[in-house]
Amino acid sequence: MQNIKCVVVGDGAVGKTCMLISYTTNGFPSEYLPTVFDNYCANLMLDGKPYSLGLWDTAGQEEYDRLRPLSYPQTDVFLICFSIISQSSFENVSTKWFKEVNHHAPGVPIVLVGTKQDIRNDNDSIKKLKERNIELVPYEKGLEKAKEINAIYLEASALTQRGVKNVFDQCIRSVIYPNKLNKKPKKKTCTIM
């Protein structure tokens with residue numbers, strides 16, 4: 001059985017822990033408890049082969065900025081999460097999270113996840129958000145950001161479990177098929193004769 005280490009990062013309260021609990025227990029937590037550090041493990045079959053997926057849940061709060069990178073050594077894949085209802089968490093993907101993981105673990109595959117995807121189809125929630133001048137991060141912006149950081153982009157909802165299994169399947173695939181999923185842009189060369 002191949003072991004794969006997946007470290008989950010992103011701003012506080014974007015839904016990292018909820019997504020992990022939803023995936024590992026098929027349930028949704030009833031209250032928000034900020035994470036300091038947690039581990040989960042999922043044994044599964046993918047493409048006919050067994051895997052042990054070690055899931056490392058990290059704290060997104062600034063006060064853990066010095067502690068969090070201690071979980072990065074030997075990481076096989078990073079999940080960078082943002083909430084589709086939080087522009088600041090989306091902006092922090094490139095200004096904080098990508099910089100941090102790329103500094104400590106350059107070249108490790110990344111899956112970018114827009115959480116709380118169920119809200120896209122909930123007109124009541126969208127109306128309430130608009131009343132508070134909160135715009136959803138468009139799906140296309142997520143795709144653009146993923147391309148910018150050389151990541152795969154997915155959206156998921158821990159509440160409805162839509163897309164959650166696919167997120168973790170893609171984490172495994174990005175490790176076992178690295179060149180197929182995380183294509184690096186080809187560098188152009190200049191030859192002088």
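Heads up, the Cβ atoms here are built off N, Cα and C, so glycines get one too.
As the structure is a computational prediction, the values presented were derived from the model and not from experiment.
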Swiss-Prot annotation (motif 'Effector region') - matching range among 5-13, 32-40, 149-157, 167-175: 32-40
DSSP three-state assignment for T58 (GTP binding site): strand
Mapped DSSP class for G10 (GTP binding site), helix or strand or coil: strand
